[in-house]
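For reference, Swiss-Prot has these:
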DOMAIN    1-73  domain 'Core-binding (CB)'
DOMAIN    90-244  domain 'Tyr recombinase'
ACT_SITE  LYS150  active site
ACT_SITE  ARG211  active site
ACT_SITE  TYR243  active site, O-(3'-phospho-DNA)-tyrosine intermediate
Amino acid sequence: MRDRISDFLEEKHGLSANSKQSYKYDLEQCLDIVGERISDTSLKIYQAQLANLKISAQKRKISGCNQFLYFLYHKGEMDSFDRLESAKQAEKKAEKPEILDLDSFWQGSDFPEGRLLALLILEMGLLPSEILALKVADINLDFQVLRIQKASQQRIVTIPTSLLSELEPLMGQTYLFERTGKAYSRQWAFRQLEAFVKEKGFPALSAQALREQFILRQIENKVDLYEIAKKSGLKTVLTLEKYR
């Protein structure tokens, strides 16, 4: 797929060198996340990654990616023309967030990994990438804390008592979520989470929306915004101001 970017750009006449470079950067970034096997699931993952960008940036990246996807479809390299949702459509879907009744998440499930992923996001505000990178060695159930490491930075997060029994059976592994000692991919996590929330009747509930539920619950409990930012790994409280 990546080697087809140059062919795609050659067919776009009248573009300046800077515009072509911008297209190339956006498409390479898209393929870094989507991978070589483009699917509806991988496109949803990429769409979620764009959600925090300005609408203008989203429109540019979505337009470029959709043009490239159509190019691949037109050349017979894709069976169907799968595309990203327009930024306007995504914006229209945005409504004022409210606290959802997610008590059913604590009940049994045919998707136990998806269930635990959802609970870790909902109860602790962790990102899926942080959860997948989490090693058992970074979890201390006795002190009810876990350590999140990102590059040279780390933060200590308190584990709610309600999650201790969920984590205890996994303490003999290397990673919290693993297969033969290797951490699972983001696409695996996305599929597990998607299957679980569908099972519970919340098909539109993404990892980002679950993290938002964590924030809303913290605010409901009168937790200071700076403390919420610290728990969530946010550098500032600016993104939390809208929830006041």
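Using the three backbone atoms N, Cα and C, a Cβ is placed for every residue, glycine included.
Shown on the structure are the features that Swiss-Prot records.
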residue : record                                                : DSSP class
LYS150  : active site                                           : strand
ARG211  : active site                                           : helix
TYR243  : active site, O-(3'-phospho-DNA)-tyrosine intermediate : helix
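A Cα-Cα distance of 18 Å separates LYS150 (active site) from ARG211 (active site). Take the active-site residues LYS150, ARG211, TYR243: by the count of other Cβ atoms within 10 Å of each Cβ, the lowest one is LYS150. With DSSP states grouped into helix (H, G, I), strand (E, B) and coil, the domain 'Core-binding (CB)' (1-73) comes out at 55 helix, 0 strand, 18 coil. In the predicted model, the domain 'Core-binding (CB)' (1-73) has a mean pLDDT of 86. With respect to their backbone Cα atoms, TYR243 (active site, O-(3'-phospho-DNA)-tyrosine intermediate) and ARG211 (active site) stand 13 Å from each other.
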